[in-house]
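Asks: Please find one structure pasted underneath; my questions will follow.
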Amino acid sequence: MSDQRKGITFDGETFTFPETNDMVKTLFDPTVHKSACELIIVTLLVMNSLVFYSVSNNQSRINIFVGMYIFWRLCYNFGIGFLLNQQSNRFRLVKISEKMRLFDKGNKSFWARCVQTEVQSQMGPSYSISAHPVAFNTWLIFRKVVDLILMEDFITFMCVVVACAIDSDYQFLHGQPVWLTTLRLVIGSILIVFNFWVKVNAHNTIKDYAWYWGDFFFRQINNDDLIFDGVFEMFPHPMYSAGYVGYYGFALIAKSYTVLIVAVFGHFLQMVFLHLVENPHIDKIYGPPPNETSLKKLVKLKDLSFFDNVAPLVGLVNFNILRASDIINLLNCLTYAVAIPTVSSLATYNIEAMGKVLFCIAILIKGFESFVINGVLLLQSNYKTISEWYLANNLPVENSLNNFAVLYNSLINLTYSSFVGMNVFKLLTKLKYQDLIITGHIYLRIFLGLLLIITQVMINTSIVDSIGYFGWFYGDFFIPKASVLPQRAHLSKGGVYRYLNNPEQIFGVCGVMGVTMIVPTYDNFMICLLWMLNNFFRINFVERSHMIKIYGEREVSQDSGVMKTVKKHLLPESIQKKFEVSPTNEPKKRTNSVFIESFDSFIKELRSKNTSPVVSKERLAEMSQNEFFSGSDYCLEIEGLEDSSFVPHSFIGEPIEVKFRAPAKHSPKDWVGLYKVAHTSFSRYRTLVSSNNRWDWTGPEEQGTIVFSKEKLFCEEGLYEFRYHLDGKHDVAFISAPFEIKLRHIEVPLESAEADELANQLRKYIFDHVVSGVDDNETPIFVGISQTQDIVATYEHIAMLITKSTGVKVGKRFLIYNDNETGNKFTVGDLASRLINIKKVMHELEGDEYLRIKKLE
């Protein structure tokens with residue numbers, strides 16, 4: 001990087017600013033010239049050691065250093081925070097410099113001379129104060145304030161660490177087994193080294209400009225966006241998040257709760273500083289333009305349209321007292337988490353038995369939740385079961401997501417409530433019936449447990465903020481991409497997803513782990529293990545395979561920020577190439593989806609076995625051959641059948657003409673019936689099953705024609721035969737050759753422009769065979785159906801024919817629901833449009849990548 005960098009003030013003045021040194025080099029490198037302020041800072045830092053020599057009581061030292069640390073930490077977060085806030089909102093520091101003319105050569109005041117001397121001493125004799133804007137010079141002075149406060153903050157913290165470590169004759173080295181002391185020192189050292197690497201990497205990435213909050217004073221040209229490189233790809237705000245793990249490493253080494261509390265105190269104030277000072281300024285300087293912000297708000301509002309335009313219940317957040325499901329959720333939570341354990345602890349004599357009951361309840365509820373949610377998602381992903389049912393019953397597909405959200409949230413609440421209730425019972429009974437696996441370090445366990453619980457809450461909040469309620473409730477499984485804004489057409493890489501592809505896989509069980517750490521019993525460990533296994537299965541074998549199907553493997557398999565940094569810094573280039581996703585567009589097998597592929601194959605094979613007939617079509621035809629009546633005086637011949645490779649066939653709904661021939665003076669009560677071959681093949685000379693009104697008299701004529709149509713026909717595919725019966729009885733005189741009734745396939749297009757052609761086919765091949773009076777596509781179908789004897793049965797019959805002929809599943813009362821909505825004005829044209837819409841939704845739910853692979857196969 002060039003030493004000369006371009007900057008621009010907020011007034012629009014451009015300038016070139018020279019290279020500056022980092023804090024450590026400036027203060028502690030003896031080869032670097034020290035200004036007066038820098039010498040004062042170094043002196044003050046060294047003076048901290050005087051406490052060790054002037055105060056003999058170590059506890060007093062600890063108290064003094066803790067007080068000093070609190071002072072400097074408050075100076076950091078509230079002192080520097082106040083200055084930066086004023087500069088960000090009002091340019092107060094620059095305006096004070098301008099008002100006092102601190103950098104004006106002609107100003108000979110004491111403060112002006114001190115400030116100018118300091119700047120000149122920092123930058124060297126070649127630096128021209130007047131050639132640089134006031135904002136840059138003010139920043140140089142501000143840096144010295146930062147140097148003093150930050151270094152004093154760190155040095156006083158280290159003094160607290162040392163004072164606590166050497167307390168009671170170097171207590172950090174004894175009082176524990178050797179292995180535990182060694183482990184503590186090693187882990188603490190690793191955290192410190194990692195913290196050091198984070199700080200160094202962050203400084204190398206953002207340089208002094210951002211390290212000293214330079215963007216509060218001026219902008220660096222060609223640096224308009226936030227930098228996401230190095231450690232900034234691994235952690236959000238690494239200086240304030242991972243940049244403080246070293247504090248906890250020092251607490252481990254010092255073996256001191258005092259150091260731990262001080263570290264937590266400092267870290268907490270730093271997060272307050274981030275929230276109140278840094279983030280507002282970052283949003284103002286680097287935030288998205290107003291139209292993009294508005295678009296994000298629109299996406300969130302679009303999300304609400306899938307949930308009745310009201311924010312859905314997530315846990316117990318967004319609780320709405322006017323929503324029945326919320327009330328039930330609250331009652332369930334209070335019942336399982338509070339009421340049952342409290343009453344049980346007071347009224348139960350056998351505490352151990354009750355504890356086992358609560359454990360079994362927690363296990364059963366978690367197992368039930370795992371089975372139901374995973375099952376629903378698998379069925380929806382592979383067979384679109386839920387969406388198909390909603391569309392088939394004329395319900396908006398959006399309702400499927402809303403109802404699943406209620407189911408999902410209710411079951412999740414039940415699992416957490418039963419788990420919490422079990423542990424509340426343990427605490428109320430003071431663990432009388434169960435021993436802890438780990439008994440020591442109670443305060444450390446509570447601290448780490450609460451930290452894990454808070455981590456899960458924060459991660460879940462970030463997930464909802466990044467992917468919205470739509471993503472939180474697996475909206476990709478239920479809603480096609482075309483139904484949402486273009487921003488939903490790709491996986492989110494913002495928020496926590498910038499750093500981790502599946503944050504819930506790592507942090508989704510943190511809360512349960514936290515409770516287990518606080519109350520480490522075997523029951524909790526078993527439930528925690530079950531939770532982890534379910535979480536792993538759901539993400540890797542349910543969610544991931546579906547995401548690949550919808551968005552493509554390349555997009556799903558993109559490296560997260562953490563993985564990029566790990567590869568870059570820890571893996572050789574030769575190994576990195578093995579992890580790269582192929583850039584070609586050819587579909588490839590997914591190594592992590594072998595289980596799902598095997599599962600799909602098993603289900604498809606099972607379904608084919610269950611739906612295939614027990615006896616083949618050819619065998620049924622052979623069984624029906626009329627070998628028993630070769631010399632009979634009676635005969636049946638079927639007219640108008642279409643030839644096929646094995647047996648002639650007709651189509652469902654089309655009238656069938658049967659010619660009969662009988663001897664003279666036969667009974668006028670002879671009759672002909674239509675039967676399934678599979679139902680009658682075991683009895684040749686007598687029919688033992690009912691014809692269900694699919695019959696007609698022959699009359700006294702010796703020959704004639706009987707037409708079977710509408711209600712006298714079967715509406716199922718299969719092999720059939722006609723039987724000639726004698727004298728109104730069930731004695732068989734002749735059986736016709738077998739024939740097949742097939743389903744006429746009607747292709748439903750995906751384009752609305754082809755609705756008229758689809759309507760014509762529906763009317764010709766379905767409605768004209770079932771009802772009368774529907775002469776065109778604009779005539780309400782109720783006109784024809786209302787003339788039938790059983791209106792409801794006709795509605796259901798037509799719906800069944802539509803499902804079988806088009807392949808688009810509709811409920812048996814689909815037409816009834818549509819007629820009710822339109823006031824009996826629903827037409828064949830409307831039906832065609834509705835079928836196209838259903839087909840389009842189901843098609844889009846398959847996912848672009850899945851359909852592309854299917855075509856190639």
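Glycine too: its Cβ is placed from the backbone N, Cα and C atoms.
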Asks: Both TRP211 and SER400 on the same side of the membrane in Swiss-Prot, yes or no?
Replies: yes
Asks: Any chance the transmembrane segment (404-424) and the transmembrane segment (512-532) are in contact, meaning at least three CB pairs closer than 8 A with a sequence separation of 6+?
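Replies: The answer is yes, given that the two segments have at least 3 Cβ pairs within the 8 Å cut-off.
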Asks: So which residues does the transmembrane segment (512-532) touch in its own chain, when a touch means Cβ under 8 Å and the partner is 6 or more beyond its ends?
Replies: 355, 359, 362-363, 366-367, 370, 419-420, 422-423, 426-427, 431, 434-438, 445-446, 448-453, 455-456
Asks: For the topological domain 'Lumenal' (378-403), how many residues does DSSP put in helix, in strand and in coil?
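Replies: Final tally across the stretch: 20 helix, 0 strand, 6 coil.
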